[in-house]
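Novice: According to TrEMBL, the record shows the following:
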COMPBIAS  70-81  compositional bias 'Polar residues'
COMPBIAS  85-96  compositional bias 'Basic and acidic residues'
DOMAIN    118-240  domain 'FUZ/MON1/HPS1 first Longin'
DOMAIN    287-386  domain 'FUZ/MON1/HPS1 second Longin'
DOMAIN    420-518  domain 'FUZ/MON1/HPS1 third Longin'
REGION    27-48  region 'Disordered'
REGION    70-105  region 'Disordered'
Amino acid sequence: MTVLENIAFLEGSILKFDRETISPAANSTAPHIHAQSEKDDADSYSDAEAGVGGIISEILEEMGQQQCVPPTSATKFSTGSLVEKATDETEPDKETLPTSSDAPTDCLHNPTWRFQKKHIFILSEAGKPVFSLHGNEENLASIFGVIQALVSFVQDGQDEIKSIRAKDVQIVFLLKPSLILVAVSRTGFSAAQLEMQLSDVYHQIISTLTFRHLKNVFSKHKGFDLRRLLAGSERLIRHLVLSDSSTGQTNKNVFTFLTNSIRVLPMQAAARLSIVNAIKENCHNHKNLVFAVLIINNQLITMVRMKKYSINPADLRLVFNLVESSESFKNYDENWTPLCLPRFDENGFLHAHVSYLTESCQACLLLFSVDKDDFFDLSEVKKRITEKLERTQCFSIINEAAMKTKKVKLPTFGSDIPELKHFLYKPNAIAQLLCSDFPRPYNTIEGFRHLEATYCNLIECVHSVHRPLKLIYKTKSNEILLAWVTSAYELYAVFEPFAEKSTIIKHVDKLIKGIDKEFDTFFINSHPTF
């Protein structure tokens, strides 16, 4: 048995690397390796060994590395107002895990750690730990060593390891310049979806450092401890990857991630135009201002931009993540922070003036400038925008729209379809998502996890690189599932199980027509310029 086969022996299954079905990596002639289990129904381990952490531990045991390197203290440096020291509230898992003073092997054998539904590991190409979603990186040194050994061994054979499947556990690898990112998941996410999430995590790191800085650091010192530069920004990564059911909470953010989209605050077009005008007339004379973004409750109210420039939806999600996970922004009237938007310019920072409008209207305004010395000018711009919004009574319009999204479970036309339980609708041209709220049973964590897994499966099927589907109609004992992809939109819906197919077809037609009729309320067709 080869070394690689020894490494891949876990959960009682030999993982076969199928080289006949591999596809070439992007920008590389090396093939991908997909590991698939020959014995998926293996049941040779007890429940105590069946968690995600148990899978990883079995790899360690097969390699004869059953102990962790003793922890050491790491120096932390602040990189500006973008990062702040995480509190116990943002890192709940570390409260139940072994501390640095405990025995180094405790983390691997701690049930709380082992049974987490998702783990994210980030390390440098040299094997230096950078981040662990759960637990202290220093107590997991041998896991990082195994990951680095796996990646290096496969690369020596001119291959690239992509994923491993063991029973219900997915292990996905994403190799980026200077960094290795790994997801170990027992959720409904497919390997492709986990790779997308790892890509978001990578871009979250770039948004803090820029690609140029990251490259320069490791070109000078391959063994550099990147945690020194990321100190405090771990909360951004945690918030980004824990927006699904693995935290035991219901959250719509997971659906925007799965569909690569953003959510828009539903609002009458005339009211939104009033807000746009208030922003435009106070921004058009500022030569360094690139974007003005107004958001509330993780929903876009409007964005005004300089001509010829736009923000990718994935970059907007990073902006949303920054605001949603930074309670400190609310403690100050005005904030000034550097932020790299990787799809806009991965090598440079924009500088964001971040502020909440007023105590009575908790919408957050972000003004992005290319000039790091623009704080006071943008402070004056924000002041004028706020005054204009107040004069035109836009604060009450925003508050009313935000309250409606908390109360209405389905749009008016959707509530006329009693068999409709939930739906997602995404116009492809603008990458925005309409997501209905969660009625019973989806308002419980068990129900939400089921809904999340359902949409993960449907989205994976219609976007499969091997055999994409345009229409899915699936009848189950407790629900009927529908996925319909056209050149104009994507629709995913869940209906009651007793509905007839002919009735569902009529309901889908009614739903699409209702959305089209109120399109300007639910979506922003184009972002105005100044």
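Note: Cβ is positioned from N, Cα and C throughout, glycine not excepted.
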Novice: What does DSSP give as the helix, strand and coil breakdown of the domain 'FUZ/MON1/HPS1 first Longin' (118-240)?
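Specialist: Within the domain 'FUZ/MON1/HPS1 first Longin' (118-240) the tally stands at 60 helix, 33 strand, 30 coil.
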Novice: Mind checking how the domain 'FUZ/MON1/HPS1 third Longin' (420-518) divides into helix, strand and coil residues in DSSP?
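Specialist: Taking the domain 'FUZ/MON1/HPS1 third Longin' (420-518) as a whole: 35 helix, 30 strand, 34 coil.
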Novice: Restricting to the domain 'FUZ/MON1/HPS1 first Longin' (118-240), what is the model's mean pLDDT?
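Specialist: Average per-residue pLDDT within the domain 'FUZ/MON1/HPS1 first Longin' (118-240): 93.
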Novice: Tell me the residue counts in helix, strand and coil for the domain 'FUZ/MON1/HPS1 second Longin' (287-386), as DSSP assigns them.
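Specialist: Going by DSSP assignments, the domain 'FUZ/MON1/HPS1 second Longin' (287-386) contains 33 helix, 33 strand, 34 coil.
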